[in-house]
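For reference, the structure discussed in these notes is given below.
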Amino acid sequence: MYYGYSMIYGCDASVIIASPNGDAEKDASENLSLAGDGFDTVIKAKQAVEASCPGIVSCADILALATRDVVGLLGGPSFNVELGRRDGLVSKASNVEGNLPKASFNLNQLNNMFSKHNLSQFDMISLSGAHTIGFSHCNQFSNRLYSFSSSSHVDPTLDSNYAQQLESECPQNPDPSVAVALDLQTSSTFDNLYYLNLVAGKGLLSSDQVLFTDTASKSTVVDFANNPNNFNGAFVTAMRKLGRVGVKTGNEGEIRKDCSKFNS
């Protein structure tokens, strides 16, 4: 998930659907770190739009616009959003497994998953910069602190001081609700510090740090760390491409009346 764009069904607001049975896309364990208040904002925005312009603007478009606005409000680049999406008719937690990047992925696994959506390695590294904000639960990276390998219980690519800080925040067998900022220094600012952290061995997830440790992607990380404008431009381009993934138009899908549930 990158800022509300689902890699399961595409940009169709499937991730906002709420199921009384707890089996919608957002209920999958991989999505439990998604901010519920962000979805609430989209739902309320849709209510306001629906009151004056019923049945015209999709939840998918509102979500795409809200994503752009959050990036801008947090200091990131502003960009135009392509509109005209319709909302999807499927949202199942059971479809998430195998369709989202995992915290343990190496570069080849990341590239394979993104290439399914016509996104290049350069796009993937650019979109990973979204980890300049947000958080992750301890179970997504605790193996890097306590059980990395037989020769070293701590991942040697982790900065030692950072590892100690993480151990204090995430002791062994932590409360499942405990979460840590993906960018400990400027977690509420959209900037290029994510890449500077990777260069310093302070990537929280294995799938973050591998972008620097793998020689095939290292040069892009170094470029984005040194040139924030290059990152911003690449991020905007990649977000536009991501926003076209799985788009429903014409007679596909529907225009939901309530973003949290299908019309019928």
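Backbone N, Cα and C atoms are what each Cβ position is placed from, and that goes for glycine too.
A TrEMBL annotation is a machine prediction, not a hand-curated record.
As annotated by TrEMBL, Ca(2+) 1 binding site applies to G10, D12, S14, E25. Just so you know, the Cβ of D12 (Ca(2+) 1 binding site) picks up 28 other Cβ atoms within 10 Å once every protein chain is counted.
For P101, the entry in TrEMBL reads substrate binding site. Counting every protein chain shown, the number of other Cβ atoms lying within 10 Å of the Cβ of P101 (substrate binding site) is 20.
Remark: H131 (heme b binding site) has L182, D183, Y194, L204, L205, D208 as non-local neighbours, by Cβ distance under 8 Å and separation of at least 6 in sequence. Per TrEMBL, the feature heme b binding site maps to H131.
Sequence annotations record features per position, and here TrEMBL assigns Ca(2+) 2 binding site to T132, D183, T186, D191.
Annotation source TrEMBL lists disulfide bond at C59-C259 (among others). The Cβ neighbour count for C259 (disulfide bond), using a 10 Å radius over every protein chain in view, is 24.
Applying an 8 A CB threshold to same-chain residues 6+ apart, the list for C170 (disulfide bond) reads C138, F141, S142, L145, V178, V180. Summarising the annotation, TrEMBL assigns disulfide bond to C138-C170 (among others).
What TrEMBL records for 1-263 is domain 'Plant heme peroxidase family profile'.
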Neighbours of the Ca(2+) 2 site T132, D183, T186, D191: Cβ within 8 Å of the Cβ centroid, same chain, sequence order. I133, Q185, S187, T189, F190, N192, L193, Y194
State the Cα to Cα distance, in Å, between G10 (Ca(2+) 1 binding site) and P101 (substrate binding site), rounded to an integer. 14
Going by a 10 angstroms cut-off between Cβ atoms, which of the binding-site residues E25, D183, D191 has the sparsest surroundings? D191
